[in-house]
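What TrEMBL annotates here:
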{"type": "REPEAT", "residues": "11-43", "note": "repeat 'ANK'"}
{"type": "REPEAT", "residues": "44-76", "note": "repeat 'ANK'"}
{"type": "REPEAT", "residues": "77-109", "note": "repeat 'ANK'"}
Amino acid sequence: AGADANKALNTGCTLLQMAAQCGHPAVVQVLLEVGVDANKALNNGGTLLQMATQNGHPAVVKVLLEAGADANKALNTGCTLLQMAAQCGHPAVVQVLLEVGVDANKALNNGGTLLQMATQNGHPAVVK
């Protein structure tokens, strides 16, 4: 009781970052309920949603989206979360993003498609 849930650890990482990165949706939910910001940028310029997407944690992605995180925001690399999920081979994350209305047909920066990216990277579950 009385601990600051927003305070960064010695590593610069926050408690919410740690929970999102490790795939703990219940802990993420509790931290959000005590007022931790779901949209706060990480030290590297990324977002919690990006971290959860890249690490393949669909339940955390869903909790962050329900807390108001922006699923359509382009990453600092210029690609989208859906592109990242497809490239990393996380079909459950792809499904969560599609369920909230992210456009699967949006062209990639190189003019390709998500289907091409998933095929090229050998992710049959994402292709389905």
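Even glycines carry a Cβ here, placed using N, Cα and C.
Curation plays no part in TrEMBL annotations; they are all automatic predictions.
According to DSSP, the secondary structure content of the repeat 'ANK' (11-43) in residues is 17 helix, 0 strand, 16 coil.
Residue counts of the repeat 'ANK' (44-76) by helix, strand and coil are 16 helix, 0 strand, 17 coil (DSSP-based).
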